[in-house]
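In what follows, a structure is listed as structure tokens, so that the remarks can point back to it.
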Amino acid sequence: MDRVLEVMRGHQRVPSGSREFKELTKRDAQTQLAHELEGLLATAEEEAKKTVEQEFQGFQRLFERFLLDQGSTISWDRIQKLPENAVRDHSTLKEPAPEQLHAMLNKLVVVKLNGGLGTSMGCHGPKSVIPVRSELTFLDLTVQQIEYLNKKYHVNVPLVLMNSFNTDADTQKITRKYRNLQVEIYTFNQSCYPRINKESLMPIARNCDVENDMEAWYPPGHGDFYESFKNSGLLQKFLEQGREYVFISNIDNLGATVDLSIADLLLNTDEKSPEFVMEVTDKTRADVKGGTLIQYENKLRLLEIAQVPKDHVEDFKSVKTFKFFNTNNLWVKLSAIDRLMSENALNIEIIVNNKTLDKGLNVIQLETAVGAAMKSFDGGLGINVPRRRFLPVKKTSDLLLVMSNLYSLQNGSLVMNPERMFLTTPLVKLGDNHFAKVKEFLSRFANVPNIIELDHLTVSGDVTFGRGVVLKGTVIIIANHGDRIDIPSGAVLENKIVSGNLRILDH
């Protein structure tokens, strides 16, 4: 059976004349999966059964599309030139008139993707509760932003958090502290899908007790937003309230604030507004792997590096060929989500994520990305936004930037220091061995250096920084194995390479 399924998925060449054989094995796999899921459902607690059943139906649809295995790789020759009006420059958008703001903002919903853990940065629990500035977390800053908006314009923009089973319990506890603020907070969970054995393609879970067998389950990427949002009842609720658009972004992107000019373009217009807007920004050499916008089969769509044929990967990375990349700040029409979900017409490429579990078991996670739904909507539009709208914190090197004097904090938003001569942020690379975990990263700085005039910083090895250090231009600090470098307090390093061993000892 295992071998048959391996053949059926198209990973092996199948002799000609075997189409019927493949069809039979596909149907067999679907039947077997349905049987396995039925067995799992029987183990679910009574009050959770309806939700679990809904999620399993979603998983079966995803699995069926995976078996069809048409491949998400695009045909490179069929990529069309981006039409003139496909991407608008943010600077051409107008600010809304003051009298329009109240009605406009009351048609908006803000969703933050809050399913990720802080494990890659050495933290326990949801990533959104990592302190990033003045002891405030991603979640604190987000709530501050929305509350400020609501107070300033006398509106009620709700904040919705899409959690995963990994982050929900902790997030629920934390959101209680915001109860007396002027912001309505809703949460819903993205689906919880079973990981499947790479060989048999069947779920590895033996029952629905997720908490006691976390390895057997996974959240299927943020492309699951549409289905889970509808299943939660929130989509219907907001439509009934007369809301029209949802602004979606990653909770760790500190630049993803509500942009009044984009809201104006979508909500204050007599013309037919686009159903799906993707904020893109200029690609730099640091962003070559980021998804980009292409015109394909006469529709605007997202192209990810995983969909690129191997012999065109370098073309994909070219800053000249593809000037923009996706920030994952998206504005989507609520009625269009409702329509596509009702018609089961949302077609999102499947990302096959192979993983090896602790005991050596090879499993597959079937995932989707929220931006890949763009091609299913009518009237897609890219907006080329300034880099300040893309400030993700994925690593401690990003944390160094947002904690530094490059920015000040205003009502939960990071504002670039006017003393910075360039609009671009410095390129910072910190060595994984000594700086990857937040706790260790913080222990290496007496305080965050002044980096107003920094272009590029590379730090590798056992390096510490004293108080009031100033870094300018290009600074490279490399402590070789066994050596340690202490940058003394008050040091000013401009266009310097520091290597070897430098220790300042108290006497």
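Yeah, the Cβs are placed from backbone N, Cα and C, and that goes for glycine too.
According to TrEMBL, the features are:
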COILED    27-54  coiled coil
BINDING   K127, Q190, G221, D252, K394  UTP binding site
BINDING   H222  substrate binding site
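Minimal Cβ crowding within 10 Å, among the binding-site residues K127, H222, K394, is found at K394. Counting every protein chain shown, the Cβ of Q190 (UTP binding site) has 28 other Cβ atoms within 10 Å. The average pLDDT computed for the coiled coil (27-54) is 91. Annotation for D252 (UTP binding site): same-chain Cβ neighbours under 8 Å, separated by at least 6 residues, are G116, K127, S128, F138, P392, V393, K394.
Comparing Q190 (UTP binding site) with H222 (substrate binding site), their Cα atoms are 8 Å apart once rounded. Same-chain residues at least 6 positions away in sequence with a Cβ under 8 Å from that of G221 (UTP binding site) are, in sequence order, I351, E367, T368, A369, V370.
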